[in-house]
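To start, the structure under review is shown below, and the notes come after it.
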Amino acid sequence: MRRTLIAGNWKMNGSFAANHSLLTEIVAGLPALSSADVLVCAPAPYLAQCADVLAASPVAWGAQDLSVHAQGAYTGEVSAAMLLDCGCRYVIVGHSERRAYHAESDQLVAQKALRAVEAGLKPVVCVGETLEQREGGLTNQVVGAQLDAVLALLTVEQLRNIVVAYEPVWAIGTGKTATPQMAQDAHAFLRQQLAATDLELGASVQILYGGSMKPDNAVELLAMADIDGGLIGGAALKSADFLAIVGAAK
Ligand code: PEP
C-alpha cells in the first residue's frame, strides 16, 4: 500500500520571519486524522531553519534542487551531502522551471536523481508536458522519455527510493488544473512504465500530482487510484490552504 505524500514547493519565496510563521502554523494545525506524510521543500538558505523548527515534528523538509557534482569548484551549487547535513530527506529534481530556465535535460535530471539516491536522499522526479505538447498528442511520449532517462540510469534497488511527480507545465502556477481523469490517465501511464521496469516498482513508487492543486480540487484529485499525493506550489505558502490539502488526503 502506498502512503500519501503532500509536499510543498515554496520555490523562491520566503524569509526567516515568514517561514517561521508558516512552519509553526503547519505543525500546530496538522490534521490529526490525515494519514498523509507531509514535506516542505524550502530554498536552500532556509533548510537549517526548517531543521530547527521541524525537528521534533512529523513534517519532513527537503530541497528544490541539488548539484549533479559531489563537491568541489562549482560556485553557487549545493551538494547532496550539504542537504543531508541540513537534515533533508527529499530533494525535488527536474522541476519544469529548472528544465525551462536552466536548460536541464532529461539526462541531467536523471544524473541528479542518481546523485540524490546515492547520497541517501529521496528525489522527487518531476515530469510533465507543455500545452503545445499535450495539444499535439505528445503527452505520453514526453513524460515517458523524461521518466525513461531515470529508469535507464538507476538500478531497480535505487528506483525503490524515488518519488515521481506528474506536473503538466500548463497547470503550474496558472490556476488551470488537469481534470482528475486527465491526471489519472498520465499517472496510470507512468505507473505502467515503472511496472515494465520492475513489477514491484509499479506497485510501490509514489506518483504525486502537481499543478494548481488547491483545497477545492484536492479531494477529487487525491481520490484517483494512481494519485498518491500532491506537489503543491502556490497553495503551500498559505498554511490554511496547505493544511486543507493535507486534510483532503485519503
Ligand atoms: C509546483 O511548483 O510544483 C506547482 C505545482 O505549483 P502550483 O501548485 O502553484 O501550480
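Just so it is clear, glycine is given a Cβ too, placed from its N, Cα and C backbone atoms.
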Residue among GLY29, GLY62, GLY72, GLY173 sharing the substrate site, where TrEMBL lists ASN9, TRP10, LYS11, SER212, GLY233, GLY234 as binders:
GLY173
Hits among ASN9, TRP10, GLY173, GLY234, i.e. binding-site residues with CB under 6 Å from ligand 1, come out as ASN9, GLY173, GLY234
Can you tell which of LYS11, HIS95 has the most other C-beta atoms within 10 Å, given these are the recorded positions?
HIS95
Are there recorded positions among TRP10, GLU167, GLY173, SER212, GLY234 that sit within 10 Å of HIS95 (active site, electrophile), Cα to Cα? If so, list them; otherwise say none.
GLU167
Counting Cβ atoms within 10 Å across all protein chains shown, which of the binding-site residues GLY173, GLY233, GLY234 comes out on top?
GLY233
